[in-house]
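Inspection log for the structure reproduced underneath, given as structure tokens.
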Amino acid sequence: MSSLSCPTYRSRTSSSSPFLSNHHHSSLINVVDPRRSLSFHYASPQGLNLAELCVVRSQRRSVQSSVVVQDGSVATESSSSEEAKDVGVLTIPSLEADKVVAESDGGEQLSTVSITVVGASGDLAKKKIFPALFALYYEGCLPEHFTIFGYARSKMTDAELRVMVSKTLTCRIDKRANCGEKMEEFLKRCFYHSGQYDSQEHFVALDEKLKEHEGGRLSNRLFYLSIPPNIFVDAVKCASSSASSVNGWTRVIVEKPFGRDSKTSAALTKSLKQYLEEDQIFRIDHYLGKELVENLSVLRFSNLIFEPLWSRQYIRNVQFIFSEDFGTEGRGGYFDNYGIIRDIMQNHLLQILALFAMETPVSLDAEDIRNEKVKVLRSMRPIKLEDVVIGQYKSHSIGGVTYPSYTDDKTVPKGSLTPTFAAAALFIDNARWDGVPFLMKAGKALNTRSAEIRVQFRHVPGNLYNRNSGTDRDQTTNELVIRVQPDEAIYLKINNKVPGLGMRLDQSNLNLLYSARYSKEIPDAYERLLLDAIEGERRLFIRSDELDAAWALFTPLLKEIEEKKTTPEFYPYGSRGPVGAHYLAAKHKVQWGDLSLDQ
């Protein structure tokens with residue numbers, strides 16, 4: 001669990017506050033955050049401190065913040081911190097904030113947040129969702145009044161749920177003396193209700209339990225759907241009609257996959273919107289919550305040395321690389337319905353590409369950022385099958401251990417052509433990126449586990465030192481590498497002179513290794529995304545038109561692969577992948593950066 005700390009007060013708006021509903025809008029007083037002197041350069045791991053993270057978050061919103069002002073004066077968003085001091089800002093601790101705002105309206109009704117994990121007995125809930133919620137509680141990021149309910153078909157008591165959840169909670173980094181005490185307090189807030197996902201009756205019973213724990217407070221409810229996609233709509237229908245909040249907000253987090261193609265994705269969206277508004281649907285892609293992905297826009301827009309270079313004039317190619325060193329063991333049946341393109345490329349890598357390539361947004365508001373991402377996706381050239389290589393891992397022995405092939409998995413149909421590896425060259429047809437290849441590569445059962453972005457710059461025209469750097473010009477390419485996982489890092493490859501007599505060049509790294517630079521543990525992506533969902537911050541969630549544009553790009557390719565029954569190229573388990581991926585890169589005059597010695 002990461003070391004975090006949370007703000008002393010939070011921004012309160014009709015759209016984003018987890019503690020207020022429309023009931024309190026008339027009583028709000030606008031005020032500037034007294035800590036507005038913080039710079040947006042505040043990027044990365046001090047951004048690991050959620051106190052500063054939330055302050056920066058409140059600064060970048062176009063909406064206004066609200067706290068109570070001592071003399072009743074109004075300080076607007078545009079006010080300076082000195083002006084805020086003049087009117088007398090009263091600092092409100094986060095756990096007392098909802099009480100103060102409620103009292104400012106002359107009432108005594110407090111608010112609460114009820115979080116229901118639908119599919120609570122599944123692996124995702126146990127390994128990611130409950131630990132992330134505990135991390136937020138441990139750092140004081142959850143409101144004073146909150147309740148967590150597990151909901152699943154499995155028969156289980158509250159005590160049994162707590163035992164199950166407790167096995168995955170940890171304070172491994174911080175080693176604070178009150179860790180056990182915090183765990184005990186958190187588990188007391190966790191309850192369980194057994195029910196079918198398509199049963200109105202069972203969700204009515206859940207609603208009654210939620211009301212008992214909400215105790216008449218203003219209720220805000222978050223449902224996390226950690227269930228198979230074929231039962232999303234049933235669960236949403238029941239939750240919306242039988243267990244949604246009547247006086248606060250109701251939000252639903254939906255896990256991928258969001259369909260298999262444009263048609264099924266559109267049908268899913270249409271079905272969800274029968275019961276929810278678009279702003280109630282939080283489509284989660286956990287890669288967007290990873291620290292280095294979130295830092296991507298900060299790196300670009302807050303550092304003058306990068307933004308002027310961020311175009312076809314200086315960048316030769318961009319690579320988005322995802323690799324896992326294990327196969328589909330245990331979940332091959334599920335994976336076979338989707339394949340690596342749907343599982344990784346169409347969502348994780350494409351979302352990162354859109355963030356990387358977008359134009360400067362009007363602001364850091366969620367809608368402005370997502371508008372720019374959609375423009376990128378709509379500008380992308382249709383993907384040709386000739387610019388794609390697919391592969392499937394086969395059995396291979398390493399160090400005396402024999403690893404299975406994909407089709408050795410008993411849950412995978414014999415003779416399956418589902419790719420476990422894919423590489424593709426994509427292009428953006430706009431003025432900034434015309435002609436620049438964006439290469440994606442994703443695979444399972446490879447030689448390493450990693451996720452990274454590699455930006456290879458153009459060669460220096462008329463380079464005076466070509467004679468000193470050998471015949472392979474690619475060896476002297478400047479390259480910016482953003483390593484998302486593991487061992488988060490940002491490094492820039494530069495050429496420099498080797499010390500000594502004579503003139504010999506060497507390539508070295510200017511390296512920001514997060515673990516060496518920052519003592520705090522990086523928060524898990526689910527911590528950030530859950531906190532965003534509670535606060536109503538949508539910047540890292542996928543909007544329906546983004547989803548439509550992403551599927552419009554990949555659906556024709558997937559259809560062609562399946563109709564032609566394209567045979568994947570086999571590669572040994574634990575290798576670098578199929579040889580065809582190297583030919584694809586060479587076709588576009590590119591070398592895969594992850595094959596270099598810096599790995």
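The backbone N, Cα and C atoms fix where each Cβ goes, and this holds for glycine too.
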N-acetylvaline per Swiss-Prot (candidates: Val31, Val67, Val376): Val67
Correct range for region 'Disordered' (source Swiss-Prot, candidates 1-23, 70-92, 208-230): 1-23
Residue from Arg432, Arg454, Arg504 that Swiss-Prot also lists as binding NADP(+) 2 with Lys441, Arg483, Tyr491, Leu492, Lys493, Arg576: Arg454
Listed co-binder of D-glucose 6-phosphate (same site as His286, Tyr287, Leu288, Gly289, Lys290, Glu324, Asp343, Lys444, Arg449, Gln485, source Swiss-Prot) among Lys256, Lys263, Lys375, Lys414: Lys256
Residue with minimal Cβ packing [other Cβ atoms within 10 Å] among the disulfide-bonded residues Cys171, Cys179: Cys179
Three-class DSSP secondary structure - Cys171 (disulfide bond): coil
